[in-house]
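**Student:** I'd like to ask you about the structure that follows.
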Amino acid sequence: MASATSPLTCSASDLAPLLGATANATAAAAFLCSRFTAISDRFVDTSYAVDNTYLLFSAYLVFAMQLGFAMLCAGSVRAKNTMNIMLTNVLDAAAGGISYYLFGYAFAFGSPSNGFIGKHFFGLKEFPSPLADYSFFLYQWAFAIAAAGITSGSIAERTQFVAYLIYSSFLTGFVYPIVSHWFWSGDGWASPARTSGPLLFSSGAIDFAGSGVVHMVGGIAGLWGALIEGPRIGRFDRSGRSVALRGHSASLVVLGSFLLWFGWYGFNPGSFLTILKAYGTEGDYYGQWSAVGRTAVTTTLAGCTAALTTLFSKRLLVGHWTVTDVCNGLLGGFAAITSGCSVVEPWAAMVCGFVAAWVLIGCNKLAERFKYDDPLEAAQLHGGCGAWGLLFTGLFARGGYVDEVYGGHGRPHGLFMGGGGRLLAAQIVQILVIAGWVTATMGPLFYWLHKMKLLRISGEDEMHGMDLTRHGGFAYAYTDEDDQSLRAGVMMRKVEPASASPIGQPQFSPSAV
């Protein structure tokens, strides 16, 4: 069956005999074939336009997730560090854009190459090519900066600005692209779409939209950053007990979560890259457009299930309903389903979300036990739930969907779906190599920054807040008075009307929040 972008051919020599033995038969055949070819070319052009428009729209949705990250981060930190965390989110996109353009894309998708690293298209030289267009670059860049944004949340409220510049460029320009080459490039050694050489366990590791490639990479990088620089001042008391340093705005957390939810419809369904592709007979109602819709549904159900599971679980564990925990649970479900969203049934997605909520709760308990401080729970959420998502795909991937999405017939699929253990083995290998690679690259980088005194700000600056000490002023006119890490220094207070003046104008005086 010809693909949507394959041109249809017409031969005048084959058509002429069908027009009869007339003097003008050859000329008529040539004319008809020229018209047919023109129509075929226009159809191919339209197919490329439709698919690239779909990919560009998906890229815009994924980039909109940066706004979601910014709002989520801002709401999850204390008011005195709001400007700092917002600036780092801008930096992730800006510095990541340059580094991914110069090096990252080439390392990730610079085919032809070896199984470890790409080696073409540095600075988009000789681009576009038959392999990819500019829309594909933009889409992949949006993924790269998402990984950097995850890491920035783990080390928030205590990290020097220069450290953000260094790690963000290194992560998006080298560490992340290598991982995406392994699992997403046609040359990657563990890619299920590998075009040369044997597949890993005759399967390849299925990570459709990046539970491992994006979320585990960002989460593990953040884990090492937060471990090396240590917890925030006041996060644990002298006896080692946990002290909650709550974010200053639940409203921003909810807003950011909804923006991320919206962007995830570009993150997961958009990873098909094309939409105009039939799976069965040409003209059938069922095709890649159906798989795109199914992927959006599985994404939705996993997030919803994780949110509700977190809601009732936290009610039982702590005795009240907590909106920020529910938002984190929601995002944990999304991070987990990202790997298998295209190859599982909707009911399986609900299983994924249910388990993801408990994975996040368990990881947070471990973090508290070992005095690990992550203001956004980024390492637990993206690292822990991302790893569960890879295992989930190895257990629940449906064979028919795997064949449709990745091509072939009778490919290894989920263990619980009768597909044997080869896919699950490939998924375990992916978890191990991502953890090892990020540890071997980002761990030494953060340690070097720490030794060079470029990683963590001073205790005095941290107490006063990075907005005041590093960015020239506060984002708001007040700070939270229940900030238990604040022992001395500047106290910002909300300004409220105290009494009316004789001429009817209110006089203002400071009062505590």
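For all residues, glycine too, the Cβ spot is worked out from N, Cα and C.
All TrEMBL annotations are machine predictions without curation.
Found this in TrEMBL, in case it helps:
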type: DOMAIN; residues: 54-476; note: domain 'Ammonium transporter AmtB-like'
type: TRANSMEM; residues: 54-77; note: transmembrane segment
type: TRANSMEM; residues: 89-111; note: transmembrane segment
type: TRANSMEM; residues: 131-150; note: transmembrane segment
type: TRANSMEM; residues: 162-184; note: transmembrane segment
type: TRANSMEM; residues: 204-228; note: transmembrane segment
type: TRANSMEM; residues: 249-267; note: transmembrane segment
type: TRANSMEM; residues: 347-367; note: transmembrane segment
type: TRANSMEM; residues: 379-397; note: transmembrane segment
type: TRANSMEM; residues: 424-449; note: transmembrane segment
**Student:** Under 8 angstroms, Cβ to Cβ: which one of 54-77, 162-184, 347-367, 379-397 has the largest number of such pairs with the transmembrane segment (204-228)?
**Tutor:** 379-397
**Student:** Using a Cβ distance cut-off of under 8 Å, indicate which of 89-111, 131-150, 162-184, 249-267, 379-397 has the most pairs with the transmembrane segment (54-77).
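**Tutor:** Comparing 89-111, 131-150, 162-184, 249-267, 379-397 against the transmembrane segment (54-77), the winner is 249-267.
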**Student:** Considering pairs 6 or more residues apart, do the transmembrane segment (89-111) and the transmembrane segment (162-184) have at least three CB pairs under 8 Å?
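**Tutor:** Contact criterion met.
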**Student:** Six or more residues out from either end of the transmembrane segment (131-150), which same-chain residues have a Cβ under 8 Å from its Cβ atoms?
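**Tutor:** Result: 52, 55-56, 58-59, 62-63, 65-66, 69, 73, 89, 92-93, 96-97, 100-101, 104-105, 108-109, 111, 124, 167-168, 171-172, 176-177, 180, 210, 213-215, 217-219, 221-222, 267, 270, 273, 378, 382.
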**Student:** For the domain 'Ammonium transporter AmtB-like' (54-476), provide the mean pLDDT of the predicted model.
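**Tutor:** Averaging the confidence scores along the domain 'Ammonium transporter AmtB-like' (54-476) gives 94.
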